[in-house]
Amino acid sequence: DVSSPKHGKVDLDNMPHVGGNIWAGGTGGRDTAGLGGKGGPYRLDAGHRVYQVSQAEKDAVPEEVKRAAREMGEKAFKQRLKEIQMSEYDASTYERFSGAVRRQVQSLRIILDNLQ
(Lines of atoms letter the chains of each structure in order from A; the text may use other names.)
(Lines give C-alpha, C1' and ligand atoms only; values in the text may rest on other atoms or scores of the structure.)
Protein backbone atom coordinates (compact mmCIF):
# COMPACT_ATOMS: atom_id res chain seq x y z
CA ASP A 1 0.00 0.00 0.00
CA VAL A 2 1.00 3.61 -0.49
CA SER A 3 1.39 5.83 2.54
CA SER A 4 3.04 9.17 1.78
CA PRO A 5 5.15 10.47 -1.09
CA LYS A 6 8.86 11.09 -0.63
CA HIS A 7 11.99 11.61 -2.71
CA GLY A 8 13.64 8.40 -1.46
CA LYS A 9 17.25 7.43 -0.80
CA VAL A 10 19.83 8.15 -3.49
CA ASP A 11 21.88 5.12 -4.57
CA LEU A 12 25.36 6.50 -5.22
CA ASP A 13 26.18 3.37 -7.28
CA ASN A 14 23.05 3.96 -9.43
CA MET A 15 22.02 0.32 -9.28
CA PRO A 16 18.61 -0.53 -10.77
CA HIS A 17 15.86 -0.83 -8.14
CA VAL A 18 12.48 -2.41 -8.92
CA GLY A 19 9.58 -2.17 -6.53
CA GLY A 20 9.83 -1.35 -2.87
CA ASN A 21 9.54 1.91 -1.06
CA ILE A 22 13.12 3.04 -0.59
CA TRP A 23 15.05 4.30 -3.62
CA ALA A 24 14.80 7.51 -5.63
CA GLY A 25 14.88 6.79 -9.37
CA GLY A 26 13.62 3.23 -9.05
CA THR A 27 10.88 1.76 -11.20
CA GLY A 28 7.58 0.05 -10.44
CA GLY A 29 7.62 0.95 -6.77
CA ARG A 30 5.51 3.07 -4.47
CA ASP A 31 5.74 6.42 -2.69
CA THR A 32 9.19 7.39 -4.03
CA ALA A 33 10.23 9.54 -6.98
CA GLY A 34 10.82 7.25 -9.95
CA LEU A 35 9.15 5.81 -13.03
CA GLY A 36 6.37 3.27 -13.52
CA GLY A 37 5.30 3.18 -9.89
CA LYS A 38 2.43 4.60 -7.89
CA GLY A 39 2.06 7.35 -5.31
CA GLY A 40 5.42 9.03 -5.95
CA PRO A 41 5.72 12.82 -5.96
CA TYR A 42 7.35 13.21 -9.40
CA ARG A 43 9.05 11.30 -12.20
CA LEU A 44 12.75 10.64 -11.74
CA ASP A 45 14.65 8.72 -14.41
CA ALA A 46 17.87 7.02 -13.27
CA GLY A 47 18.41 5.51 -16.73
CA HIS A 48 17.26 1.96 -16.05
CA ARG A 49 14.63 -0.26 -17.69
CA VAL A 50 11.18 0.82 -16.52
CA TYR A 51 8.82 -1.67 -14.88
CA GLN A 52 5.24 -0.39 -14.92
CA VAL A 53 2.60 -1.15 -12.30
CA SER A 54 -0.91 -1.69 -13.62
CA GLN A 55 -3.35 1.17 -14.12
CA ALA A 56 -5.67 -0.52 -11.61
CA GLU A 57 -2.97 -0.24 -8.94
CA LYS A 58 -2.43 3.43 -9.78
CA ASP A 59 -6.16 4.10 -9.65
CA ALA A 60 -6.32 2.52 -6.17
CA VAL A 61 -3.99 5.14 -4.65
CA PRO A 62 -5.99 7.10 -2.04
CA GLU A 63 -6.91 10.65 -3.04
CA GLU A 64 -5.05 12.20 -0.08
CA VAL A 65 -1.82 10.48 -1.20
CA LYS A 66 -2.34 11.69 -4.78
CA ARG A 67 -2.91 15.21 -3.48
CA ALA A 68 0.21 15.10 -1.29
CA ALA A 69 2.26 13.77 -4.23
CA ARG A 70 1.02 16.58 -6.50
CA GLU A 71 1.87 19.20 -3.88
CA MET A 72 5.35 17.75 -3.33
CA GLY A 73 5.95 17.58 -7.08
CA GLU A 74 4.85 21.18 -7.54
CA LYS A 75 7.14 22.31 -4.72
CA ALA A 76 10.11 20.43 -6.26
CA PHE A 77 9.32 21.94 -9.69
CA LYS A 78 9.27 25.48 -8.28
CA GLN A 79 12.52 24.83 -6.39
CA ARG A 80 14.19 23.58 -9.58
CA LEU A 81 13.00 26.65 -11.50
CA LYS A 82 14.48 28.82 -8.77
CA GLU A 83 17.81 26.94 -8.97
CA ILE A 84 18.09 27.51 -12.72
CA GLN A 85 16.75 31.07 -12.43
CA MET A 86 13.61 30.51 -14.51
CA SER A 87 10.16 31.86 -13.85
CA GLU A 88 7.03 29.76 -14.36
CA TYR A 89 6.34 31.92 -17.43
CA ASP A 90 9.83 31.11 -18.79
CA ALA A 91 9.21 27.40 -18.19
CA SER A 92 5.86 27.41 -19.99
CA THR A 93 7.35 29.38 -22.90
CA TYR A 94 10.28 26.96 -23.10
CA GLU A 95 7.90 23.98 -23.05
CA ARG A 96 5.78 25.50 -25.81
CA PHE A 97 8.77 25.99 -28.13
CA SER A 98 10.45 22.73 -27.11
CA GLY A 99 7.26 20.75 -27.65
CA ALA A 100 6.94 22.08 -31.19
CA VAL A 101 10.30 20.58 -32.21
CA ARG A 102 10.52 17.59 -29.84
CA ARG A 103 9.99 14.97 -32.56
CA GLN A 104 12.60 16.53 -34.85
CA VAL A 105 15.14 16.80 -32.01
CA GLN A 106 14.59 13.14 -31.12
CA SER A 107 15.15 12.13 -34.76
CA LEU A 108 18.33 14.19 -34.90
CA ARG A 109 19.60 12.58 -31.68
CA ILE A 110 19.06 9.12 -33.17
CA ILE A 111 20.92 10.07 -36.33
CA LEU A 112 23.84 11.56 -34.37
CA ASP A 113 24.03 8.55 -32.05
CA ASN A 114 24.20 6.23 -35.06
CA LEU A 115 26.94 8.34 -36.63
CA GLN A 116 29.06 8.09 -33.48
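We count from 1, first residue shown onward.
Just so it is clear, glycine is given a Cβ too, placed from its N, Cα and C backbone atoms.
When TrEMBL is compared with the stretches 21-40, 61-80, the one noted as region 'Disordered' is 21-40. Per DSSP, the compositional bias 'Gly residues' (22-40) is made up of 0 helix, 8 strand, 11 coil.
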